[in-house]
Amino acid sequence: MSTKDPHRLPHEKGFHISWDQIHRDSRALAWRLDGQGPDEGAWRAVVAITRGGMAPAMIVSRELDIRTVDTISVKSYHHQAQGQAQVLKAPDAGLMGDGTGILVIDDLVDSGKTLELVREMYPNAHFATVYAKPKGRPMVDTFITEVSQDTWIFFPWDMALQYVEPYRGTD
């Protein structure tokens, strides 16, 4: 008879991302986006989807020397439960227009609901994520790594280092 651990996440797989790995993968995303903008290869601005997209957006904007950076705040998760996506804060309307020349960056596309909402607002923006799951993949234009739908990604900003008991216990 198995008992369910109430403290265990409902996801079957966990993928732990370190700060070093998100930095490397975000730089790889920048390299993939370099020269792909509509203005002789250049991008006008970067818009980070908060909060997860902020670290990758900072790295991409640095690597591509893009000085204009804004945010869009979309809430679609409460802890690990996904809900209805809603915009809490939109970027500057004058900057955005229809999204032409704008890189919208997030850490992950999961179901695609967040990107779908933002894409409706800015249909000509280029959507880039570091990681992508199969359900959300059609919503993203560029990504670095695909993971299975049942994988839960643990980002470094959500983690803390702590002592863990040895597997076999202690004396």
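Cβ coordinates are placed from backbone N, Cα and C, and glycine is handled just like the others.
The following features are taken from Swiss-Prot:
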BINDING   Arg51, Gly52, Asp106, Asp107, Leu108, Val109, Asp110, Ser111, Gly112, Lys113, Thr114  5-phospho-alpha-D-ribose 1-diphosphate binding site
BINDING   Asp107  Mg(2+) binding site
BINDING   Asp110, Ile153  xanthine binding site
BINDING   Asp110, Ser111, Gly112, Lys113, Thr114, Trp152, Ile153  GMP binding site
BINDING   Asp110, Ile153  guanine binding site
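Features recorded in Swiss-Prot, as mapped to the structure shown.
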residue: Arg51; record: 5-phospho-alpha-D-ribose 1-diphosphate binding site; Cβ within 10 Å: 16
residue: Asp106; record: 5-phospho-alpha-D-ribose 1-diphosphate binding site; Cβ within 10 Å: 31
residue: Asp107; record: Mg(2+) binding site; Cβ within 10 Å: 24
residue: Asp110; record: 5-phospho-alpha-D-ribose 1-diphosphate binding site; Cβ within 10 Å: 25
residue: Ser111; record: GMP binding site; Cβ within 10 Å: 15
residue: Gly112; record: 5-phospho-alpha-D-ribose 1-diphosphate binding site; Cβ within 10 Å: 20
residue: Lys113; record: GMP binding site; Cβ within 10 Å: 19
residue: Thr114; record: 5-phospho-alpha-D-ribose 1-diphosphate binding site; Cβ within 10 Å: 27
residue: Trp152; record: GMP binding site; Cβ within 10 Å: 15
residue: Ile153; record: xanthine binding site; Cβ within 10 Å: 21
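Taking the C-alpha atom of Ile153 (xanthine binding site) as reference, the shortest distance to any of the binding-site residues Asp110, Gly112, Thr114 belongs to Asp110. Between Leu108 (5-phospho-alpha-D-ribose 1-diphosphate binding site) and Trp152 (GMP binding site), the C-alpha separation comes to 11 Å. Across the structure, Lys113 (GMP binding site) and Asp106 (5-phospho-alpha-D-ribose 1-diphosphate binding site) place their CA atoms 13 angstrom apart. There are 22 other Cβ atoms within 10 Å of the Cβ belonging to Leu108 (5-phospho-alpha-D-ribose 1-diphosphate binding site).
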